[in-house]
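Listed features, source TrEMBL:
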type	residues	note
BINDING	A:Gly24, A:Leu25, A:Asp26, A:Asn27, A:Ser28, A:Gly29, A:Lys30, A:Ser31, A:Gly72, A:Asn130, A:Lys131, A:Ser132, A:Asp133	GTP binding site
BINDING	A:Ser31, A:Thr50	Mg(2+) binding site
Amino acid sequence: MNLFHKLSNWLRLKRQEANVLCVGLDNSGKSTIINQLKPSSAQTQDIVPTIGFCVEKFSTSSLTFTVFDMSGQGRYRSLWEHYYRDAHAIIFVIDSGDKVRIVVAKEELDMLLHHSDVKHRRIPILFFANKSDLQDSLSSVKVSQMMGLDNIKNKPWHICASNALTGEGLQEGVDWLQDQIRSLKS
Amino acid sequence: MSGSENKDINEVNSKWLDAHYDPVANLYTFSSCVALADLNGDGESKLVVGDLGSGASNMKLKVFKGTSLMTENTLLDLPTGLVAFHMDQNEPRTPAIAVASGPFIYVYKNLRPYFKFTLPPLEVNELEQEVWSQAREDKIDPMSLKEMLEGIRNKAQVPLSVRSLKFLMLEHQDMESFVNMHKQQPIRRQTVITCIGTLKKNMADEDAVSCLVIGTENMEIYVLDPEAFTILSKISLPSTPAFMDVTGQFDVEFRITVACRNGNIYILRRDSKKPKYCIELSSHAVGLVRVNKNIVVGCTQETLHGCTQKGKKLWTTYLPASIVTMGLMDHKSRGFQAVLVGLANSEVHMYRDKNLVNIIKTQDVITSICFGKYGREDGSLIMTTKGGGLIIKILKRTAVFDEKDTTPGPPVAQSVKLNVPKKTKLYVDQTMRERENAVAMHRAFQMDLYRLRLTAARAYVKALESNLTPMSSSASEPLKMNAVVQGLGPSFKLTLNIQNTSVCRPSMNLAISFWYDEKLYSLKTSFFKIPLLVPGLNYPIDTFVECLSDKGISDVIKVFVLQIGRSNPLLTAHINMPVSEGMALC
């Protein structure tokens with residue numbers, strides 16, 4: 001049995017599983033991104049503000065992702081930290097059209113990075129500078145500068161501009177995340 | 001002192017996030033002309049500002065979304081107040097904007113002009129009307145018109161109209177043209193709006209229909225119907241209102257608190273045509289805020305007073321600078337209310353009751369303050385500066401304001417309970433034993449103490465008798481010696497200071513000898529003679545010691561002062577040599 005297990009792993013017959021935590025401020029598009037990543041048969045039309053959190057699953061060529069889609073509303077943000085321990089990767093969604101609240105996103109990110117369950121782990125973080133279709137949206141470079149992402153030294157991170165409504169930029173980010181998780185697991 | 005101040009500033013900064021600062025936003029306004037409202041019904045609050053422009057031109061109604069200006073409408077006159085209110089039950093529930101300016105209220109819906117309300121004209125002085133009608137028929141010349149108007153101004157009960165007052169101000173040559181220009185129009189006397197507020201009609205909901213409440217220059221307060229803009233209620237005041245706060249529901253019970261220009265605060269209630277309570281302030285009010293059921297008023301004397309809604313004064317706080325503006329911080333989701341006071345020293349102080357809970361340092365003097373939901377963020381603080389800047393700060397999610405005052409008082413540590421361990425059985429037994437056998441224990445202790453003293457005294461006497469001390473006890477040769485070791489090793493310099501302590505007898509025939517472990521140390525000369533010692537003088541005698549061991553051990557070197565012809569040393573010194581640290585040199 002064990003041998004078969006190893007063999008199937010080696011042949012990548014069975015997909016590996018990864019727990020991913022999806023966080024970000026309210027109205028940044030977390031649920032929309034997760035919805036877009038699901039197979040088209042499982043997608044929903046209406047996205048409503050998430051209460052508490054939702055667990056979603058989707059798979060790529062080699063990994064099965066279990067995503068904890070956290071609510072971004074102020075009163076639910078205190079829930080995030082309870083899921084840091086079991087997460088293999090973090091997706092942080094930023095509304096690149098909301099310039100005023102970039103500081104709030106930065107504050108939440110800093111709190112995340114300084115949390116004892118995250119601080120010393122080499123956990124990959126994927127940033128989506130979402131809503132890139134908006135006219136006055138910030139570029140991913142500008143977002144990473146305003147968020148101070150250059151200061152993250154001990155974790156692999158990647159930022160990509162995305163448009164969750166059309167799915168633009170999402171695949172690039174998920175591919176990066178998949179490579180990171182596989183390189184960490186092997 | 002400065003260190004603690006710096007710490008305070010850091011602590012202040014830790015409560016707020018600096019979301020945006022535009023020093024040249026070109027916004028010149030006061031707290032009464034700023035409102036936050038979800039104008040489009042999309043869940044995002046916008047900032048609505050009645051911009052005073054330069055004071056004479058460029059008056060605008062501006063709407064900000066995020067960091068940028070969304071729309072602007074030109075205003076005809078200086079705005080004195082701006083409120084957002086729901087005027088009907090229509091869906092979606094988008095509020096209308098009412099801008100008070102001169103004698104008019106301009107109502108905007110969807111940022112388009114919707115309605116203009118004009119204050120009812122006032123009664124005109126009959127004599128004045130008579131005089132102007134004569135002027136219209138050219139019966140009197142401008143000079144006699146002026147004389148007659150001056151006569152009316154001095155005597156009449158009803159004051160003159162603005163037109164007549166303007167005419168009286170004119171120079172002689174301008175009068176004729178002024179009369180010709182204005183004489184055809186009938187005389188009207190109108191008052192202007194000084195402050196504006198909103199009052200829920202009959203429901204307490206956040207988005208319930210509200211009436212407008214306006215205070216006017218002629219010392220009256222009107223409550224307007226939200227849809228028809230008819231005057232529902234009219235209340236007279238003893239003075240002109242300057243600041244107003246309204247609470248309650250028009251159809252149920254309401255309370256209007258007005259700070260007037262005569263330095264008094266009047267509290268009006270439903271069904272009373274006259275003020276119910278009056279608070280007489282020691283100086284003029286510069287701001288009025290209601291926190292829960294209490295009124296907080298800022299005065300020109302750099303003071304902040306707290307009063308109950310029945311007019312009883314609760315507390316007074318003294319401020320470091322004069323007040324420029326005041327605002328309420330009402331964080332509904334946390335149930336936190338505080339008063340924000342913008343001071344002339346570019347600070348915003350946050351008071352909870354009389355306690356200063358937070359200080360925000362700003363880049364410029366703040367002229368308007370507004371706290372509420374901006375965009376999607378509940379805890380946003382919007383401020384505009386004297387120089388036309390716009391500052392947006394966001395309250396941190398983790399920020400907690402201490403209940404306690406930040407001003408000095410007994411430290412918190414004083415009230416912390418110490419964790420004293422419980423009494424064990426052993427402890428109790430010991431205590432019992434001590435209590436019962438106190439006398440015996442005391443005696444035993446005293447006996448041991450005497451024995452110890454006796455042993456110590458015997459050892460001392462023995463040391464004296466065998467001259468083991470660095471003090472000579474013999475009457476014939478009173479000497480004193482101390483030794484100093486210098487150096488890190490392996491070479492040490494040993495300095496012996498010898499002093500003859502007798503009054504007038506010199507010491508002679510003395511010699512010094514050393515005793516030491518020859519495996520460890522070597523001395524150049526281990527025996528030498530001392531010259532004659534004159535009483536009172538200090539004789540330093542140097543010698544060099546070489547440490548031979550590299551094992552980091554040290555020993556005692558004994559120094560004996562001897563008198564030639566005597567076998568006992570006069571005195572002895574034990575020198576504890578330091579460990580040689582310079583072993584590499586060996």
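Quick reminder: no glycine exception, Cβ is built from N, Cα and C everywhere.
Feature map: annotations from TrEMBL on the structure.
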residue  : record              : DSSP class
A:Gly24  : GTP binding site    : strand
A:Lys30  : GTP binding site    : helix
A:Thr50  : Mg(2+) binding site : coil
A:Gly72  : GTP binding site    : coil
A:Lys131 : GTP binding site    : coil
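Rounded to a whole value, the Cα-Cα separation of A:Ser31 (Mg(2+) binding site) and A:Gly24 (GTP binding site) is 10 Å. Maximum intra-site Cα distance, GTP binding residues A:Gly24, A:Leu25, A:Asp26, A:Asn27, A:Ser28, A:Gly29, A:Lys30, A:Ser31, A:Gly72, A:Asn130, A:Lys131, A:Ser132, A:Asp133: 21 Å. Proximity to chain B, defined as a CB-CB distance below 8 A, holds for A:Asp26 out of the binding-site residues A:Asp26, A:Lys30, A:Thr50, A:Gly72, A:Asp133. Across the fold, the C-alpha of A:Ser28 (GTP binding site) and the C-alpha of A:Thr50 (Mg(2+) binding site) stand 11 Å from each other.
The distance from the Cα of A:Asp26 (GTP binding site) to the Cα of A:Thr50 (Mg(2+) binding site) comes to 9 Å. A:Gly72 (GTP binding site) sits 8 Å from A:Thr50 (Mg(2+) binding site), taking the CA atoms of both as reference points. Summary for the binding-site residues A:Lys30, A:Lys131: the Cβ-based neighbour count within 10 Å is maximal at A:Lys30.
Of all Cβ atoms in the shown protein chains, 18 besides its own fall within 10 Å of the Cβ of A:Thr50 (Mg(2+) binding site). Shown are the binding-site residues A:Ser28, A:Ser31; of these, the residue with the fewest other Cβ atoms within 10 Å is A:Ser31. Annotated pair A:Gly24 (GTP binding site) and A:Thr50 (Mg(2+) binding site), C-alpha to C-alpha distance, rounded: 12 Å.
Counting only residues at least six positions away in the same chain, the Cβ atoms of A:Asn163, A:Leu165, A:Thr166, A:Glu168 sit under 8 Å from the Cβ of A:Asp133 (GTP binding site). Counting Cβ atoms from all protein chains shown, A:Gly24 (GTP binding site) has 25 others lying within 10 Å of its own Cβ.
Most Cβ neighbours within 10 Å among the binding-site residues A:Asp26, A:Gly72: this distinction goes to A:Gly72. A distance of 9 Å separates the Cα atom of A:Lys30 (GTP binding site) from that of A:Thr50 (Mg(2+) binding site).
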